[in-house]
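K.L.:
Got a structure here, written out as structure tokens. Questions coming.
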């Protein structure tokens with residue numbers, strides 16, 4: 001539905017505008033009439049979900065009141081607005097009907113003394129967010145206009161009555177802006193303050209106007225995202241399509257993490273509406289591998305995952321002469337140099353270290369796992385660790401069989417199995433996770449380390465998954481805001497954006513981002529014959545020290561839960577490291 005609410009801008013006028021007002025009124029009436037003839041229900045839905053407390057059937061009366069307000073404001077002298085109450089409801093323009101009534105009543109008070117310093121009327125601007133008024137369809141409504149009162153002497157006040165506030169494009173105007181972040185229900189909103197100072201030819205300041213784009217747009221953006229997801233769940237794609245277009249405009253008005261998160265979720269929603277699934281092929285896997293390296297360099301989440309898992313493995317290998325690690329998430333092998341160095345420094349000398357890496361095939365059919373193994377072999381030679389390596393290419397961990405791993409007797413070789421952000425990808429394949437856990441039982445490891453996202457993105461209801469993922473990734477993006485701008489940071493955001501796109505836009509086996517919480521994984525592991533192995537207090541202390549490198553540790557938080565370690569941002573856990581072993585009944 002078309003709307004005639006526009007961005008507030010300062011305007012000075014003491015001339016009548018009855019003829020133009022009449023023309024505007026007719027246009028408004030015709031526009032409202034057209035809207036009432038068709039699409040009224042859709043307009044009411046859009047108004048409701050975006051927080052506007054007015055019906056399309058009331059727009060004719062709203063248009064008349066707008067005309068009255070415009071006429072009254074254009075006829076009020078410069079001192080005619082000083083009586084406006086500071087607590088009047090026009091601070092909430094979403095309630096259009098009551099807002100207009102209160103504005104009209106405020107503009108018709110007893111006359112004030114001539115000496116009072118007032119301000120000139122504020123009239124709607126014909127454009128918002130760069131869209132012409134004729135195309136304006138529930139676009140973002142900015143915040144309030146707040147006036148500062150400059151010192152004006154009596155000799156200059158009479159001259160000011162005939163002046164209009166100049167636009168910011170004037171060479172005599174100066175614009176400054178600042179922004180601060182605020183958190184709204186787990187999503188970051190932004191308050192943008194713009195100060196415009198207009199000067200005369202002599203350089204004198206005549207008026208200062210501060211336009212404040214408050215948290216209202218951020219709240220409206222979140223409501224639009226949720227409403228769009230709900231419309232998709234109800235298969236109301238017409239409404240969802242209209243809402244996703246609104247989200248784009250609302251996101252532009254934000255800054256920082258809020259804008260980035262909303263943009264990625266808007267893209268994912270659009271892909272789901274128009275059935276444009278993101279690619280799921282070998283090239284995409286290779287790209288994700290590269291993006292994960294940037295994510296590793298940018299923030300502590302992967303470093304925390306590797307460090308805590310390595311600490312658990314190191315303790316489990318204590319006193320063993322031959323050790324074997326089977327890595328379900330080999331990728332670039334970033335986890336293992338630190339473990340190899342720790343083994344090299346072990347009292348009594350390093351053990352013989354065997355590493356089996358499992359990863360997806362490369363798009364060019366190159367043996368990238370072999371290349372990773374060669375680099376690790378060079379490191380092992382430099383630190384005097386006897387090293388053996390073998391790589392396995394598999395499209396899925398569910399294709400793995402224990403007989404492929406060349407297992408040796410447990411009394412001669414201790415085995416550890418490691419998985420970082422891999423097991424959740426099996427949940428979309430029927431029987432996939434059960435098969436892999438069965439292979440783990442056949443391996444009989446002394447320890448099975450698992451790192452997964454601490455969130456439930458695998459429920460049967462799309463709206464619930466969307467809500468949880470919106471909060472989760474908003475927190476993740478917020479934690480990245482303290483990182484200096486760099487290519488690593490940009491690529492890290494793309495890495496997370498790809499996860500959002502898969503989680504929201506895909507279904508069935510194509511949806512691989514099926515994260516679950518620690519309690520859910522605990523139930524799965526318990527039913528497969530695995531028992532928790534508590535991580536030691538030493539791992540907790542050293543993980544806390546690791547975080548001090550990132551943003552001086554501010555914002556990040558490590559906490560222990562049932563023998564597992566969680567890393568979060570402020571009060572929200574984001575990833576969890578857990579360790580498991582075969583239960584007594586499994587032997």
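Each residue, glycine too, has its Cβ placed from N, Cα and C.
Sharing the feature lines straight out of Swiss-Prot:
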- 212-581: domain 'GRAS' (DOMAIN)
- 1-26: region 'Disordered' (REGION)
- 152-181: region 'Disordered' (REGION)
- 371-403: region 'Leucine repeat II (LRII)' (REGION)
- 423-427: motif 'LXXLL motif' (MOTIF)
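Thinking about packing and proximity, how do these listed features fit into the structure?
P.N.:
Beyond the ends of the region 'Leucine repeat II (LRII)' (371-403), by six or more residues, the same chain brings 328, 330, 332-333, 336-337, 340-341, 343-344, 350-361, 422-423, 425-426, 429, 431-432, 435-436, 439, 442-443 to within a C-beta distance below 8 angstroms of the stretch.
Listed by sequence, the residues of this chain that lie at least six past the ends of the motif 'LXXLL motif' (423-427) yet keep a Cβ under 8 A from its Cβ atoms are 328, 396-398, 433, 436, 450, 452-453, 458, 512-516, 521.
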K.L.:
Kindly state the mean pLDDT of the region 'Leucine repeat II (LRII)' (371-403) in the predicted structure.
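P.N.:
Mean model confidence (pLDDT) across the region 'Leucine repeat II (LRII)' (371-403) is 95.
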